[in-house]
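Contents: one structure, followed by commentary.
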Amino acid sequence: MNRLIILCLVAATIYSTIALPMKEDISNEERPTSVNEKPVKKSVAVAGAVIQGAALAFQVLDKILTSLGGIGRKIAIGVDNESGMKWAARNVYFYSGTSDTVLPYSVPHSKAFLYGARKTRGSVRGAVGVLAYSMSDGNTLGILFSVPYDYNWYSNWWNIKVYRGYKRANKWMYHDLYYYARPHKGNNEWHEKSLGYGLKSKGFMTSSGQTKLEIRVSRA
């Protein structure tokens, strides 16, 4: 009788092992994409960002212009730092217009900063101003952008200059870059010049009211 009971228990154990399926082992690679999908990275092509200098292109500036909305006078700026130095933002001076973007603070060598500006809504003035960056050699890089409201009287202009010592962008710097320091017309052409202090620049500015300005600063 005991042997019969034991045989019944053994048979029941074998049956349960066969009848119950083994728990499925789903590896990480085999899981549905809804479980394992990676978050989509946001584009870095936005005003206020710092990107690889080699990635700076007009397509990047086009995205910034789009993000600024349907404003008649606006500008997307990209400046590549190939100077061998680190830059730190000082400030922005606006002769006219404004920006919703914080000027990127730290721009290491081989990086480029992106910035956007526009005319003030409801005004009949353009987007005109100066950016200032202090460089690790103790000097300041001043950058002019000028996108006028009335193209019957004015044109697009840009400029770049190295100032000795630490300077802030202000009305004096604007007047110097716009009137006296050999500014470049925004005429859809590349312009190059020596900046002194072992540096040179190469830049391109479009001529329309939705303006792109790309500048590369490198060692001479």
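Including glycine, each Cβ sits where the backbone N, Cα and C put it.
Remember, it's a predicted structure, so these values are computed and weren't measured experimentally.
In Swiss-Prot, the phosphocholine site is described by V128, S146, P148, Y174, Y178, Y179, and among S83, S96, S218 the residue recorded at this site is S96. Listed in sequence order, the residues of the same chain lying 6 or more apart from Y179 (phosphocholine binding site) and placing their CB within less than 8 Å of its CB: none are present. All protein chains shown were included, and the count of other CB atoms within 10 Å of the CB of S201 (site 'Interacts with the lipid membrane') stands at 24. With respect to Y154 (site 'Important in the initial contact with the lipid membrane'), the closest of these binding-site residues in Cα terms is P148, chosen from S96, S146, P148, Y174, Y178.
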